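Feature annotations, courtesy of TrEMBL:
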DOMAIN    41-301  domain 'G-protein coupled receptors family 1 profile'
TRANSMEM  26-50  transmembrane segment
TRANSMEM  62-90  transmembrane segment
TRANSMEM  102-129  transmembrane segment
TRANSMEM  150-170  transmembrane segment
TRANSMEM  198-226  transmembrane segment
TRANSMEM  246-271  transmembrane segment
Amino acid sequence: MNSSKSPGLAGFGALKNTTCHTEKKISVFFSIIFMTVGILSNSLAIVILLKAYQRFRQKSKASFLLLASGLVVTDLFGHLINGAIAVFVYASDKDWIRFNQSNILCSVFGICMVFFGLCPLFLGSVMAVERCIGVTKPIFHSTKMTSRHVKMMLTMVCLFAVLIALLPILRFRAYQIQASRTWCFYKTEHIEDWEDRFYLLLFSCLGFLALAISFLCNAVTGITLLRVKFKSQQRQGRSHHFEMIIQLLAIMCVSCICWSPFLVAMARIGINEGGSKETCETILFALRMATWNQILDPWVYILLRKAVLKNLYKITSGCCGVQVINLHMWELSSIKNSLKVAAISESPGSSKQINLQPLTSVGQ
């Protein structure tokens, strides 16, 4: 096919002899299920966030809610756009020659895959940093982390992700149809020069860097919370510690488990210059695992709240025969609690005899 060398069919010539085949019915089923569940989950999270933001608009929790809103909105549009394109490709029998003559669809698909892949990882790391600052430096957080600053951070994160996604287009490098002929991404086969390797390694390194920042900040936050818990004899912060530690563990586990296979696969392909033994099926499976991270994000960040944990605690205690006590502790705001206990531990004038009543204004 002489037309396979044209820009509109970038990468198609290399796919003619590919041995990668995907079952159409199963693939369409996965795409529709992922898209539907992702849209419903993130839509529910947005509704919850909007209600919570109206309650905490003037409090320190507003910064966390703004970042969480940016995360779930990004995930929502990622499922909506990428899912719609994937379903269209399957519905068209993956006939890229017919609907991708000018390579516009593949370019849009590739840009969306990179943007909606990196942006949630970046936002997750920013949320981890914000939470770490809120726990370790509550006074600085309450005075400097305003809604205006948070909106600026959201904008910068999105612009940076857009820049990374547009980089191949700016360098006149087209996104490539992948071996399964169901999605577009950086060139992963027949890599010709350092630039093709650079894009893959850049994507992987940025993804691993975001995960590393999240892990480091969450570890610092968790250690700080445990230290405050053991130092302070005040019982009212224990529910907050339990809630935060559960959320931090869930965030780290979900992000690392879902994204690591895909990032490792892209890094291996980039390092081995296309000579990697990663198969089409392996890459497709890793991509689906990464998609699950965007499905689970709203459940980890938003829906794993104190109300859910309280009910789980009741059920578990009832099943184990343990008496449920001190449930009034769950009525305190988690962000308010973090500021109180952290301010107690860090205040230069604090002592063992200090009580919580004078610090009520600090927690606000």
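Cβ from N, Cα, C; glycine included.
In this chain, the transmembrane segment (62-90) touches the transmembrane segment (150-170); three or more CB pairs sit within less than 8 A of each other, excluding pairs fewer than 6 residues apart.
Listed by sequence, the residues of this chain that lie at least six past the ends of the transmembrane segment (198-226) yet keep a Cβ under 8 A from its Cβ atoms are 114, 117-118, 121-122, 124-125, 128-129, 131-132, 135-136, 164, 167-168, 173, 186-188, 240-241, 244-245, 248, 251-252, 255-256, 259-260, 263-264, 266-267, 269-271, 338, 341-342. Outside the transmembrane segment (26-50) by six or more residues, the chain places 65, 68-69, 72-73, 75-76, 78-80, 82-84, 86-87, 90-91, 182, 288, 291-292, 294-299, 301-303 with a CB less than 8 A from a CB of the stretch. In the predicted structure, the domain 'G-protein coupled receptors family 1 profile' (41-301) carries a mean pLDDT of 84.
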